[in-house]
Amino acid sequence: MGGYILAIDQGTTSTRSMVFDRDMRVIGVGQREFPQHFPASGWVEHDAEDIWKSVLETIRLALADAGIAASDIAAIGITNQRETTVLWDRNTGEAVHRAVVWQDRRAAPVCEDLKRRGLEPLFSKKTGLLLDPYFSGTKLKWLLDSVSGLREKAVKGEICFGTVDSFLIYRLTGGRRHVTDATNASRTLIYNIEDNAWDDELLSILNIPRAMLPEVLDCAADFGVTDKALLGAEIPILGVAGDQQAAVIGNACFEPGMMKSTYGTGCFALLNTGTDRVASTNRLLTTIAYRLDGVTTYALEGSIFIAGAAVQWLRDELGFISVASEVSALAEKADPKQRVYLVPAFTGLGAPYWDAEARGAIFGLTRGTGPAEFARAALESVAYQTFDLLDAMRKDWAGDNGKTVLRVDGGMVASDWTMQRLADILAAPVDRPVFLETTILGAAWLAASRAGIWPDRKAFADHWRRDRRFSPDMEESERKNAIAGWRDSVGRCLSKRDN
């Protein structure tokens, strides 16, 4: 067995696998997209078999690209779209329903009922989360209540529940391991992040059988070995983390006060608060950043549902661009005198508003508004939403000194225009790393460090390199006016607003 690391990044619209060598260099890549399904308004589903096939295919592509065999891989690390809920038959490993994706809003009535019963403070205290259909627990309750015969099978222990990582590990190990890691468990709405255990009281409220839940491990742990029949070798799976927590690790945000923001389909900002669990008073989430050697590190998180998806909307629904990479050049052509705001509440609004019923809108249209102004508004909406998150974090985090530097990653950060606009709106420096795929790098480090191949946290942090720092360059009066316009626009989109 060689010293190579295989990392798998299973995302919302595609799966990517990478092979890293001992020096943390990428030597092989495989990527495949897979379809999403929208069976009803507000519903988003994946076929779990599509996910599984994309994982196997990208692994084989990455190995071929690297020119190595599976037997040369020392360890596997997995990172995944969080909250997406998968149910499968314990005996066959076959999914019993399409995966309900994190973006899916069908459980909104379940959340509203729990809120009416005054239960949100209890859930928040135990899990650090809010009652929103974004999280797995209410999706799971909906499935158990709605799919005929499912609850009876779950009670008998015949059905497994898991986030995507858990499903993949089950398949990769030939059904021998039903496990997950602490970061993914912390996003389910049924995991007590103080006790680091599934919470019986919350399970009882949601009527979820404990028999269907996976075992929860540290992020760097022994998750099992791959079935030799799949890849031709038994490879240990040694690292697992939800995608946003993996990006915290990949960005080397190991110290309290360090902050990262990932820009993919959505946008997710996490602020490391160390071993202190900070309870937000500004509608942020308290979550597990990572758990290593039995020690839990916490984070404040703000979740934005639509970031890169707004660019996809410009491309797919409006036809303003042919490929996503064209959007920055188009935005640069926008009339600077027009102030157009896009509130991309296509599936509701996330932090700090948490309004499942909010819907998107565009404000400030004139006869001269065209594709360029739409493009700029779409990119600026990401900056404004990030400002909302950073503003809330500064209010919650006692350690904030007003000198926050934001480390960024994800597909959107390749755009210099977007990153400069982000720095301008935040009035804070934005650091873009040399290696942009920090999510998959984080998964690779978890596995490689567990295998003893890559360095410890400190040495890994020293290895992090900045490509460019974007410093704010906007007049304060202009910035304040722009933010005021944004907040007025958001206020008009909220489902419950002052008239």
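For all residues, glycine too, the Cβ spot is worked out from N, Cα and C.
Site annotation (Swiss-Prot): ATP is bound by Thr12, Thr13, Ser14, Gly308, Gln312, Gly411, and the candidate from Thr265, Thr273, Thr369 recorded at this site is Thr265. Together with Arg82, Glu83, Asp243, Gln244, Swiss-Prot lists one candidate of Tyr134, Tyr191, Tyr290 for binding glycerol, that being Tyr134. Using a 10 Å radius centred on the Cβ of Tyr134 (sn-glycerol 3-phosphate binding site) and all shown protein chains, the other Cβ atoms total 30. Listed in chain order, the extra residues whose Cβ falls within 8 Å of the Cβ center of the sn-glycerol 3-phosphate site residues Thr12, Arg82, Glu83, Tyr134, Asp243 are Gln81, Thr84, Val101, Trp102, Arg187, Gly242, Gln244, Gly266. Taking each Cβ in turn and tallying the other Cβ atoms within 10 Å, the top scorer among the binding-site residues Ser14, Gln244, Thr265, Gln312 is Gln244. Calculated from their C-alpha atoms, the gap between Asp243 (sn-glycerol 3-phosphate binding site) and Gly308 (ADP binding site) amounts to 16 Å.
The binding-site residues in question are Gly308, Gly411, and the one with the fewest Cβ neighbours inside 10 Å is Gly411.
In sequence order, Trp102, Thr163, Thr183, Asn184, Arg187, Gly242, Asp243, Gln244 constitute the residues six or more apart from Arg82 (sn-glycerol 3-phosphate binding site) in its chain with CB-CB distances below 8 Å.
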